[in-house]
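Database features, via TrEMBL:
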| type | residues | note |
| --- | --- | --- |
| BINDING | A:LEU12, A:SER13, A:GLY14, A:GLY15, A:LEU16, A:ASP17, A:SER18, A:THR19, A:THR20, A:CYS21, A:MET22 | ATP binding site |
| BINDING | A:CYS194, A:CYS202, A:CYS205, A:CYS208 | Zn(2+) binding site |
There are 2 protein chains.
Amino acid sequence: MDSYRNRAVVILSGGLDSTTCMALADCRGEDIFALTFAYNQRHIREIESARDVARHYGASHHIIDLGAVFAASALTSAAIRPEVAPFDGKAAHSIPATYVPARNILFLAHALSFAEKVGARRIYTGVNALDNPGYPDCRPEFIDAFQRMIDVGTKAGTEGRSVEVFTPLIQMNKADIIRLASELDAPLHLTLTCYYGESPACGECDSCRLRLEGFRLAGKEDPIHYRKG
Amino acid sequence: MDSYRNRAVVILSGGLDSTTCMALADCRGEDIFALTFAYNQRHIREIESARDVARHYGASHHIIDLGAVFAASALTSAAIRPEVAPFDGKAAHSIPATYVPARNILFLAHALSFAEKVGARRIYTGVNALDNPGYPDCRPEFIDAFQRMIDVGTKAGTEGRSVEVFTPLIQMNKADIIRLASELDAPLHLTLTCYYGESPACGECDSCRLRLEGFRLAGKEDPIHYRKG
């Protein structure tokens with residue numbers, strides 16, 4: 001009997017989608033390792049939400065601090081790192097320090113490394129193609145390509161027991177996700193959606209609006225508090 | 001005219017293969033951003049070698065400290081992170097803390113993110129299939145799959161100007177690499193190969209032996225010092 005069979009990594013931001021993934025993983029009897037990525041200050045509240053959701057499910061919670069990586073590699077760190085040669089800064093000036101290119105690729109690569117470390121067989125991620133039409137790394141084609149890369153690029157993959165990237169929400173709209181979360185009794189009261197990380201939520205940013213519209217279409221009441229409404 | 005056309009990221013460990021990649025990138029007129037990954041103590045000497053090689057080519061040198069990431073996410077950190085629930089430790093006990101699963105996937109994902117950040121169009125990596133027959137992530141099939149993943153998963157990729165993963169050494173043996181390095185006047189005297197990070201090199205570990213055999217077959221003299229020899 002393989003004792004690691006039910007271990008799963010869930011990429012958990014503390015938002016509605018990733019919390020629904022937690023609910024699904026829990027429902028499927030997975031032994032959950034929740035993984036939260038931190039890379040800028042705004043995410044402190046998100047990390048708190050993620051921690052609360054992980055606690056709700058009795059899951060272990062691990063934080064990958066990419067902020068430390070980016071601080072060390074940031075172009076702006078030239079001043080404090082004598083070994084870094086001068087840089088003309090053309091690209092740096094136009095891109096905020098908190099911008100993370102290839103974000104989902106980076107998150108999935110770390111989740112994969114973590115999954116191999118703890119012997120997990122599955123990575124849950126709440127990526128969603130419908131909410132993110134402009135993001136290539138939220139499309140099924142990307143997930144398929146990442147899966148293929150795992151299959152040929154890891155020892156487990158070449159031995160036919162690859163880590164699976166599982167994207168249950170990828171083709172669902174927000175109302176579908178909220179209905180699923182309700183059916184699974186996901187702790188949506190703990191989730192954070194507001195772009196500004198506010199509590200009560202602002203109710204006006206794009207993230208809040210998308211969430212509120214989803215609840216309206218799903219015919220459910222949003223359990224979090226809003227400043228307006 | 002596109003001012004970023006010649007920017008390239010070179011994954012530089014300070015060893016012979018990655019230094020040869022630096023020489024190739026320099027010869028091809030690339031504006032080089034050397035990227036070194038740190039993830040355990042043994043690598044301090046490697047980082048020094050990498051820094052020296054980057055300086056030799058007047059390249060900017062950036063260090064990605066994955067040690068900080070792994071320290072933060074390590075299973076052993078449960079004691080200092082109250083938000084981490086107890087873990088049974090089955091996997092943790094049998095795997096050293098410095099083991100990095102999916103290493104090349106992680107390195108390439110960070111190199112890709114960095115390349116997008118600085119507007120580089122190419123990533124040089126000295127991965128080599130012949131020296132690493134047991135490593136799936138050193139095979140051309142893996143590189144092809146990673147490239148495909150970039151092509152469909154990044155904005156630049158979907159717009160037909162993907163970041164290219166360039167693996168000039170992937171099918172070369174050590175003697176071929178040493179001959180190429182010599183032709184390009186690569187500063188092999190600055191490189192570190194010894195598994196134990198020693199200087200003079202031990203001359204006896206697998207890494208030293210492979211290097212010495214390569215120089216012998218190439219008919220060249222190794223410019224570094226060995227304890228024996």
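Positions of Cβ are set from backbone N, Cα and C atoms, glycine also.
All annotation found in TrEMBL is predicted automatically rather than curated by experts.
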Taking every protein chain in this structure into account, which of the binding-site residues A:LEU16, A:CYS202, A:CYS205 has the most other Cβ atoms within 10 Å of its Cβ? A:LEU16
Could you give the Cα-Cα distance between A:GLY14 (ATP binding site) and A:CYS208 (Zn(2+) binding site), in whole Å? 14
Relative to the Cβ of A:MET22 (ATP binding site), which residues of the same chain, six or more apart in sequence, are found under 8 Å away? A:VAL10, A:LEU12, A:ILE32, A:ALA34, A:VAL53, A:ALA54, A:HIS56, A:TYR57, A:ALA59, A:TYR124, A:ALA186
For each of the binding-site residues (A:LEU12, A:SER18), count the other CB atoms lying within 10 A of its CB, then report the residue with the highest count. A:LEU12
Compile a sequence-ordered list of residues in the same chain as A:CYS194 (Zn(2+) binding site), six or more apart from it, whose Cβ lies below 8 A from its Cβ; state 'none' when nothing qualifies. A:ALA201, A:CYS202, A:GLY203, A:CYS205, A:SER207, A:CYS208
A:CYS194, A:CYS202, A:CYS205, A:CYS208 excluded, remaining Cβ within 8 Å of their centroid (Zn(2+)): A:THR193, A:TYR195, A:TYR196, A:GLU198, A:ALA201, A:GLY203, A:GLU204, A:ASP206, A:SER207, A:ARG209
Please list, in sequence order, every residue of the chain apart from A:LEU12, A:SER13, A:GLY14, A:GLY15, A:LEU16, A:ASP17, A:SER18, A:THR19, A:THR20, A:CYS21, A:MET22 whose Cβ lies within 8 Å of the Cβ centroid of the ATP site. A:ALA50, A:VAL53, A:GLY126, A:THR191
